[in-house]
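First up is the structure itself, then whatever we jot down about it.
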Amino acid sequence: MSNVNIINQSHHPLPKYQTSGSAGMDLCAFITETITLQPLERTLIPTGLFIELPHSYEAQIRPRSGMAVKKGITVINSPGTIDSDYRGEIKIPIVNLSGEVQTIEDGERVAQMVIAKHETIAWNEVAELNETVRGAGGFGHTGTV
Ligand SMILES: O=c1ccn([C@H]2C[C@H](O)[C@@H](COP(=O)(O)OP(=O)(O)OP(=O)(O)O)O2)c(=O)[nH]1
């Protein structure tokens with residue numbers, strides 16, 4: 001288990017620990033008024049959360065399946081990336097992909113956040129890459145679905 005500094009300016013309580021066995025921590029909307037989204041309308045949802053991730057860590061902002069199934073709302077840039085040097089408020093860009101008007105209330109669990117480790121890479125610019133069986137084949141070139 002790792003410790004991560006977090007500021008919570010919302011009035012929604014944070015769990016002290018991430019629930020055991022659960023990859024994502026739910027992110028609640030921190031809004032003063034109900035948000036209404038027309039079909040295909042998008043908006044940015046504030047959370048009141050600010051985090052300080054260690055180097056080589058990122059936070060991924062992902063949709064919640066309940067939101068997707070019940071309201072047709074998803075994270076439009078999914079997975080959103082929170083960089084370890086970001087100190088601003090975590091915000092969630094969502095879109096209403098349903099055919100109906102949808103609403104978001106204060107405290108509603110809009111998305112989830114997964115903390116992940118990533119490599120830090122030095123790019124080696126070269127003229128050629130090594131050969132593989134696949135080569136440049138992709139995008140369904142094997143004919144299977
Ligand atoms: O869903 C998201 C995605 C990003 N961010 C914040 C944290 C992230 O570190 C910063 C920049 O995100 P990203 O790199 O995706 O944005 P960009 O469009 O490339 O903007 P920038 O030029 O500021 O990097 O915005 C969020 O709060 N929510």
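Keep in mind that glycine also has a Cβ here, set from the backbone N, Cα and C atoms.
For Thr81 (substrate binding site), the number of other Cβ atoms no farther than 10 Å from its own Cβ, over all displayed protein chains, is 12. The substrate binding site annotation in TrEMBL covers Arg64, Ser65, Gly66, Asn77, Thr81, Ile82, Asp83.
Per TrEMBL, the feature domain 'dUTPase-like' maps to 13-143. Mean model confidence for the domain 'dUTPase-like' (13-143) is a pLDDT of 95.
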Cβ neighbour count within 10 Å of Arg64 (substrate binding site): 20
Listed binding-site residues adjacent to ligand 1, that is, members of Arg64, Ser65, Gly66 whose C-beta is under 6 A away: none
Cβ atoms near Ser65 (substrate binding site) (within 10 Å, other residues, all chains): 10
